[in-house]
């Protein structure tokens with residue numbers, strides 16, 4: 001806005017008094033126009049309006065001033081000109097009306113409901129903050145470490161002292177850990193992972209342990225799948241022995257414990273180990289001394305047929321009946337492997353159109369299953385080959401765990417805890433429950449003034 005220029009002084013008009021008197025007699029003066037009687041002859045008019053010099057000066061000054069009443073600053077609103085008293089009046093009115101409503105039965109019930117909701121939300125936020133705080137994460141990891149190490153030495157102790165307890169110890173561990181995993185995975189939309197073949201094989205083993213009888217075909221299929229594709233999956237899926245991670249401990253359990261349990265039943269448990277409690281049924285006690293006569297072809301056919309049955313059920317349920325869930329972003333082992341650019345399956349499947357990639361994955365998995373089932377017949381016939389396969393897989397898991405601790409854990413774990421602490425501080429400073437207190441009269445005025453000043 002340019003600076004206002006200083007007005008020039010008007011020129012002085014030297015007019016004779018007689019001329020002025022005659023002119024005023026013929027035409028109305030300024031005072032007549034403004035409704036004020038003109039001065040009579042002989043009266044001295046000293047008013048500023050009767051002076052042409054002062055009148056011209058005032059008109060020029062008004063024109064020179066650069067002032068516009070409608071040209072406000074951007075931060076100034078009409079509410080600032082009116083004032084905030086009306087907010088106080090409205091707040092008082094609303095508060096009085098609220099008090100009257102709260103005196104009614106409906107108002108008391110509504111207020112009680114609001115207080116209950118506030119209390120529930122506050123409790124949920126407090127529990128969430130406690131669960132996700134760095135201290136809580138470290139406590140959970142310490143507890144998981146204790147559980148993982150305890151599982152190792154208790155299993156070793158039972159194998160040497162009371163091997164017939166191992167099958168039921170496996171059942172209890174599997175039930176507890178898989179229930180915990182289901183809760184966590186469902187919240188993360190990962191629960192379709194639990195329809196994979198390794199979980200199916202665990203279900204077959206529990207079914208075989210629970211129902212008495214020889215069940216030669218069921219045993220052959222369970223043995224072939226557990227000691228073949230499930231055991232080798234420790235290497236293929238890079239399972240790791242990481243004691244502080246309950247998720248990694250669970251993943252290793254569902255791949256290693258089924259072949260370990262079958263090894264105990266096949267080679268370690270003897271009929272004379274049976275106590276008065278009769279913990280194991282006869283069909284499990286007789287596996288070491290009188291095993292079922294299973295041929296190579298029988299083991300291959302029953303194992304492959306069981307695998308095909310699972311694969312068909314998986315395709316119908318997950319990829320057909322739950323296709324909308326998969327499109328919505330629910331994770332499966334198939335989508336995870338096809339999205340992992342470092343996997344061999346991704347490199348093989350990317351040569352085909354996206355619509356055919358799940359079928360390609362199934363074909364690759366079938367070939368993998370056929371190859372890994374083949375040596376399981378030797379494991380069934382020779383104890384030390386079976387033991388070597390178990391020890392080799394456990395060594396791979398231990399190496400993967402050591403690699404995780406020294407290459408990943410030492411750096412990323414501390415960074416994750418620091419990031420989690422910053423995230424909780426940010427959420428704690430931004431998330432406030434004062435919005436639920438808006439029913440109180442004291443907060444209405446303050447919030448209203450802030451909103452008016454914003455704009």
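Cβ atoms are placed via backbone N, Cα and C, with glycine included.
In TrEMBL, annotation is done automatically, which means it is predicted and not curated.
Record features (TrEMBL):
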- 1-14: compositional bias 'Basic and acidic residues' (COMPBIAS)
- 15-27: compositional bias 'Low complexity' (COMPBIAS)
- 1-55: region 'Disordered' (REGION)
- 143-162: transmembrane segment (TRANSMEM)
- 168-185: transmembrane segment (TRANSMEM)
- 192-211: transmembrane segment (TRANSMEM)
- 294-317: transmembrane segment (TRANSMEM)
- 359-378: transmembrane segment (TRANSMEM)
- 384-402: transmembrane segment (TRANSMEM)
Six or more residues beyond either end and a Cβ under 8 Å away: which residues meet both conditions relative to the transmembrane segment (384-402)? 227, 231-232, 234-235, 238-243, 248, 252, 255-256, 259-260, 263, 266-267, 375, 378
What else in the chain is close to the transmembrane segment (359-378), if you only count residues 6 or more beyond its ends and a Cβ gap under 8 Å? 223-225, 227-229, 231-232, 236, 294, 296, 299-300, 303-304, 307, 311, 315, 334, 337-338, 345, 348-349, 352, 385, 389
Beyond the flanks of the transmembrane segment (143-162) by at least 6 residues, Cβ under 8 Å: 169, 173, 241-246, 249, 253, 260, 264, 268
Going along the chain, which residues at least six beyond the ends of the transmembrane segment (168-185) come within the CB cut-off of under 8 Å? 151, 154-155, 158, 191, 193-194, 199, 202, 206, 209, 246-247, 249-250, 253-254, 257-258, 260-261, 279
